[in-house]
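Trainee: Checked Swiss-Prot, it gives:
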BINDING   15-23, 33-40, 63-67, 121-124, 151-153  GTP binding site
MOTIF     37-45  motif 'Effector region'
LIPID     CYS203  S-geranylgeranyl cysteine
MOD_RES   CYS203  cysteine methyl ester
Amino acid sequence: MNPEYDYLFKLLLIGDSGVGKSCLLLRFADDTYTESYISTIGVDFKIRTINLDGKIIKLQIWDTAGQERFRTITSSYYRGAHGIIVVYDVTDHVSFNNVKQWMQEIQRYACDSVTRLLVGNKCDLIEKKIVDTSTAREYADSVGIPFLETSAKSSANVEQAFMIMASEIKKLQGGIQPNNNSTYNAHVVKPTGFTPIGKKKKCSII
């Protein structure tokens, strides 16, 4: 075990281009925000270490490009992810409608029992909001995942979103299975690299 941390969790941010994935990452990792929009090319990542229930957890958070032309590149990053945050823009109904497609991507590429979270970003834009909170919550409930509305600009619920993910993953790491049929098979990560890309959809980590 690495003396600097007890767990290393790999998280993935996915969703349409322009929904604010990079801004969420910057807010959580660096506590910064910029109005400038620069589309992510391929993938980017940041690391933040947190203390949760007396355990030091290193979060490696990958920000993926939302554009279709990068799907082949980014799909490989689903494998080995412990948690995936699906982000939509509360002022853009198309981005919410596309959440179902992103969920299908998770089913196709991620391990079967990966932790998921639905996030409606830009909740500070109250006058421009067109995706009802109740509609998004109903969808999240229908697929059995948590839901939060966030604002990378005001930092509302950003910390909570990532802490929810870390907490849920840690439960699985500690052997607490929310679903008895779960095939999640993760252990404390050794600092020797990432999970190799393979055909099996099992969250084993080496």
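Note: Cβ is positioned from N, Cα and C throughout, glycine not excepted.
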Trainee: Where does GLY15 (GTP binding site) sit by DSSP, helix, strand or coil?
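Mentor: Its secondary structure by DSSP: strand.
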Trainee: Any idea what the model's mean pLDDT is for the motif 'Effector region' (37-45)?
Mentor: 59
Trainee: Tell me which of the binding-site residues VAL19, CYS23, CYS123 sits in the most Cβ-dense spot, judged by other Cβ atoms within 10 Å.
Mentor: VAL19
Trainee: By a simple count, how many Cβ atoms lie within 10 Å of the Cβ of GLY15 (GTP binding site), its own Cβ left out?
Mentor: 24
Trainee: Report the same-chain neighbours of LYS153 (GTP binding site): residues 6+ apart in sequence with Cβ closer than 8 Å to its Cβ, ordered by sequence.
Mentor: CYS23, TYR33, LYS122, ASP124
